[in-house]
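Written below as structure tokens is the structure these notes are about.
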Amino acid sequence: MVEKRSVIQRENVYRWFSELNSAQRVEFLCGLLDLCVPIELRFLGSCLEDLAGKDYHSLRDAEIKANNPADLATLTNITDEVVRSKLLISLALLNSDNREAAGVLFRTLTHIDSIINNYGLQLNDGQTGDQFLLLFTMASNHPAFSFHQKQVLRKELSQIQGIVITSCNNANLSTSSSTATSTTVTTTTTFTPCVAGSHFLHKCKVTSRLQSFLCLIDKGMLIKYNGRQLPSAAVDSPC
């Protein structure tokens, strides 16, 4: 009976995890890793090394650029969606001991205040908010950044979360008000609940976790998964 209940609970966790967006999954997985003992971490590292090796050749060129400070220094216009996509890929492929490259990325990411205020960057349009949340979640958990840098990035992440949550709540109120005052128009836009803490964000409506991540990177790039080019239907999946 206890074993059956454990299986059900595990399935519930799998189902819950599959419904999270990319930023939430990264945050949750990093939290789990912090709870693991050294032997568990070494075992998980071996499993990850084997899985990552399957994509080594297809990601080799991108990995070289991701660890080259000169290339990273050109990715400064964070208001550009293509630049944000390249920054996400760079963070994913950045070596854990590359402090110099991490310093370049840190200088780029710490201008978020002026970007939001001077450019009026909207974080409530779904796609932009998703990208920024994933960007700062990855950076604030990446081992290449120093403790101080992570603290600063975590503070920036909290600020972005607050903006997204506020925008989401306002959108929910607006949707509710429109529904209450209209009897002929049916609102079809659906928002996921905004919850304080690490569970946040208006979520892209996609059919798989892979498509959810692809929604956050440049759809015009040649994207490969396990050495195969993805079908256009996956790359161009609407958010």
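Indices start at 1 and increase along the chain as displayed.
From the backbone N, Cα and C atoms, a Cβ is placed for every residue, glycine too.
In TrEMBL, annotation is done automatically, which means it is predicted and not curated.
Predicted, not measured: the structure shown is a model, and the values here were computed from it.
Look at TrEMBL and you will find 11-53 tagged as domain 'RNA-binding protein vts1-like alpha-helical'.
On the 0 to 100 pLDDT scale, the domain 'SMAUG/ZCCHC2-like PHAT' (59-161) averages 88 in the predicted structure. According to TrEMBL, the domain 'SMAUG/ZCCHC2-like PHAT' annotation covers 59-161.
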Residue counts for the domain 'SMAUG/ZCCHC2-like PHAT' (59-161) under DSSP, helix then strand then coil, are 74 helix, 0 strand, 29 coil
